[in-house]
């Protein structure tokens, strides 16, 4: 414990020295003086002088004994009374808390009690949102400090680019178009519906018809989804979260993730949108719900999914007013996660056409989709999957093996009563033929499969 405490103190001392060098302070103890602005330093100096002067005066008065009326003249008595009365008035004044109103020397990395580390106050002063200061958010520099993960991303991008189908697109009115006419099942379906709230927040008239959640729910997604598939549904920042979950349930999907898009305003601080009449605060994020259909386990279905390659956050600059396009990073997240090659993008636009995807939307200006040509890309049994290389399999994050496979089962809990006494018997339970508690193919308390089905 002492060594740990010494290590923490040493790191704290080093941190203060580095801050002193960055701020140009003489020593680590003088950081506080550098953080204060000139006006604050002047106020502090005046306060110190005033308090020192009042202290000296009170000390002088306290040392001088109040003369009695018979021992001194009236002038001395009045002088002592005038010195004591202001001191009593100051004691009776209510305490006023100092309110911090300036963040001109806003600094990251300082103590949390320091007001200069107040991101909310900095937003009030400058208009810069707190998320503007999150580091390494771009695709290029996100994994600079993680060479293995950076190499994994590079290898996966190369494999995806080689296995992608040519970009195909179809101009269609999704209100009347039957999705079953695509004559294909899809592993991934991305929906980007033009919601009413997008146009309500921007205050600009819609160039295209916006969709209600009742209309979105009528889409025949369940008819084109594969036996194991994923759906990604952009549902805005407000009431769409609840309606989005309802859509997933209606289509036969289970909600498994919530990808959050955090919008920064580095290029245009202080920019405000038209406030949603249903909202109290400005909304600076959107949600993309991910649903799963079928049985997919990251520990056993490595041929179909690679989990934990990306994070569930997208941090990019907020688009201009009137632009409802979503960040392109959502495509990278989907392609890195799901190894299925049959990808469908609904409500796509000309700017979202990309290799490996079939884009369908009412605002597309052209079409090149042919159902027979598209189906020919997936004729062989393994052709619907991108596949995987040995190097990618070695680098990708995996589920830790169960304790029984690591040799912990039989030795756990072996105690004083011998190898077969106490809880040490838990690891041997699976070697027994049957026992009275083995009901419904579930193991009892002593088995390693408590609460789950026995492996097939």
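Using N, Cα and C of the backbone, Cβ positions are placed for all residues, glycine too.
Annotated by Swiss-Prot as region 'Positively charged region required for RNA-binding', the relevant range among 215-224, 225-234, 245-254 is 245-254. Per Swiss-Prot, the range carrying the annotation region 'Interaction with METTL3' out of 198-207, 268-277, 278-287 is 278-287. Given the ranges 239-242, 255-258, 259-262, the record in Swiss-Prot names 255-258 as region 'Interaction with METTL3'.
Range annotated as region 'Disordered' by Swiss-Prot, chosen from 3-38, 39-74: 39-74. For the recorded sites listed here (245, 298), the lowest count of other CB atoms within 10 A around the CB belongs to 298. Counting every protein chain shown, 12 other Cβ atoms lie within 10 Å of the Cβ of residue 146 (site 'Interaction with METTL3'). Within the same chain, residues 129, 131, 201, 234-241, 244, 258-263, 265, 272, 318, 326 sit at least 6 positions outside the region 'Interaction with METTL3' (278-287) and bring their C-beta atoms closer than 8 Å to a C-beta of that stretch.
For the region 'Interaction with METTL3' (255-258), same-chain residues at least 6 beyond its ends with a Cβ under 8 Å from one of its own Cβ atoms are 245, 248, 287-292, 312. Each residue contributes its Cα atom, and for residue 146 (site 'Interaction with METTL3') and residue 245 (site 'Interaction with METTL3') those atoms are 35 Å apart.
Across the region 'Positively charged region required for RNA-binding' (245-254), the prediction's mean pLDDT works out to 96.
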